[in-house]
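Everything on this sheet refers to the single structure shown next.
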Amino acid sequence: MHPIRSVLIVTKPGHPTALDLAQDIGVWLTRRGVSCRILEGPGEALPLRQLAADAGLVLVLGGDGTMLGVARRLAGTGVPLLGINLGRVGFLAEVPAGEWAATLERLLAAPLRVERRLALRFGVERGGVEIFQGDAVNDVVINRGALARVITLDIDVDGERLAGLRADGLIISTPTGATGYAVSARGPLMDPALDAFTVTPICPFLGNFPPLVLGGGSVCSVRIREQGTEVHATIDGQEGIALRSGDRITLTGLRDGLCFATLGGGGYCARLRACGFVRDHACTLPDMLPDEGGTSTDV
């Protein structure tokens, strides 16, 4: 990509530290000939998309939650994002707050490199009419309301019936979201570069539905068969839709829907270790090779 000439900074709303840091970064960028605009909180999708259209980079100051909100509103625009971590986990917002200057210096010194990932695009249909459409960065979760009851769902893939499912819920996740709710439900970890998404049940009745990986171009349709129980769809853990019996949610991959600036540091495995998703238990195995006398070592 071309060198960065303009930056849009989006801060976590109601976070004075983020706003102060944004002002410091804005001054730093201006002194280097980069135009800068600061926005407190992502707000509505349309104004954010309009502001981001003129930016070579969107810098997000906050935690992974703030990154999710901004990335979801900018899904499909192709505008690269970079997160400065002011939160806890920092899997999406990967730049430590104390390293922002060195990081930006590196980004300005060479053409920007980006990593494109799959997002989810979904629609909710009621009575044959689409009542909602949206995108998801991490996942769409279909689950019960306040009462501890299983729900019944009908699942089709590419127009073909897959199964009826009785479970606490269902998680449809992108590779980016595989380290979120899905992994807690024993879904697989996925390389973010994969053109695929997962369908993972939450506590399936009798355990008769293993996690499923679908190609990014597949269409997964979920019909709510439950009556008399509250059912909701939650998008990235941040937005919710109340569902009724007979409603149908249709989901598919949005290729290149997410765009992140890359720093060329540690890879995916390093991030998994750093964030505690895998543990490296070093051990020394006994020598199993035959000794000079032709006998093997007993263990």
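Including glycine, each Cβ sits where the backbone N, Cα and C put it.
Here is what Swiss-Prot says about this protein:
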BINDING   Asp64, Gly65, Asn138, Asp139, Arg149, Arg166, Asp168, Thr179, Gly180, Tyr181, Ala182, Val183, Ser184, Gln238  NAD(+) binding site
ACT_SITE  Asp64  active site, proton acceptor
At a 10 Å cut-off from the C-beta of Asp64 (NAD(+) binding site), count the other C-beta atoms across all protein chains.
23
Long-range Cβ environment of Ala182 (NAD(+) binding site), under 8 Å and at least 6 residues apart
Asp139, Ile171, Ser173, Thr198, Thr200, Pro211
Among Asn138, Arg149, Asp168, Gly180, Ser184, the most crowded of the binding-site residues [Cβ within 10 Å]:
Asn138
